[in-house]
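One structure below.
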Amino acid sequence: MLKTEHISFQYEDGKQALTDVSIDLEKGNIIGLIGANGSGKSTLFMQLLGINKPSDGTVYFEGKPLAYTKKALFALRKKVSIVFQDPDQQIFYSNVRDDVAFALRNLGVSESEVEARVTKVLDIVGAKDFQHKPVQYLSYGQKKRVAIAGALVLDTDWLLLDEPTAGLDPIGKKIMMEIIERLASQGKKILISSHDIDLIYEICDYVYMLKDGSVLTDGETSSVFLEKSNIELAGLVQPWLIKLHQQAGYPLFKKEADFFAHTGKVTN
């Protein structure tokens, strides 16, 4: 269990970044975190990783208040991993397999176990075809998959994804969505922070909407996005499938493929 209860956080310069924020990562398998720039999404990620300690309120990990000791934070970060928007921030080796294996080798895991776990996660993210390719020759999307593999290799339970589809072409975005859904089907809990509203609508089953460091609203994905007034108040826009439903009278579809199947058109 990973959640926050009424946490607030103020930076040293006096800026209030979070105010009375409560989120529960057990609310869904894939949870969306949305809000305009400066709404507190990145700061909240740092709270969930134990990098910053709240000024008020509590972060709960595995049913207990998080203790900010070296031992407690080590245990947290073995189970909660982040994948940054820019994969180059967390890829340090020129060889894909060595990069993914880095954390395990640093922990003294046996080489046979390292090889088995690296092979497993590279298969999960569809990176086996380029596992021996020098990192500098990988595409941006391939680097993102390597970064996810590096997070998964520790047998992470909770995965925090910062803008997972940013900078990807349509095929790359489709592959990333398939990876996220595959991970969720395997029992991983995923929190996605993104400005890609259509992605959040299609892939998430629960959403938290932030505004000025506070939770403006939360709930099942469709119910959150149907409330146009809240969307506008947060400085966001509705997903196109919601707009078609509310403005053109189409049935409410959760996925693009379902809409095109209904209209008799084919999409890739």
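Just so you know, glycine gets a Cβ as well, placed from its N, Cα and C.
Feature list (source: Swiss-Prot):
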DOMAIN    2-237  domain 'ABC transporter'
BINDING   Gly35, Ala36, Asn37, Gly38, Ser39, Gly40, Lys41, Ser42  ATP binding site
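Counting every protein chain shown, the Cβ of Gly38 (ATP binding site) has 15 other Cβ atoms within 10 Å. Around Lys41 (ATP binding site), the C-beta neighbours below 8 angstroms that are at least 6 residues distant in the chain are Leu33, Ile34, Gly35, Ser193, Leu210. Listed in chain order, the residues near the ATP site other than Gly35, Ala36, Asn37, Gly38, Ser39, Gly40, Lys41, Ser42 are Leu210, each with its Cβ within 8 Å of the site Cβ centroid. The binding-site residues in question are Asn37, Ser39, Ser42, and the one with the fewest Cβ neighbours inside 10 Å is Asn37. Ala36 (ATP binding site) has a Cβ environment of 14 other Cβ atoms inside 10 Å.
Within the same chain, residues at least 6 positions away in sequence whose Cβ sits under 8 Å from that of Gly40 (ATP binding site) are Ala17, Leu18, Val21, Leu210, Asp212, Gly213, Ser214. On the 0 to 100 pLDDT scale, the domain 'ABC transporter' (2-237) averages 94 in the predicted structure. Gly35 (ATP binding site) is surrounded by 23 other CB atoms, counting those within 10 A of its CB over all protein chains shown.
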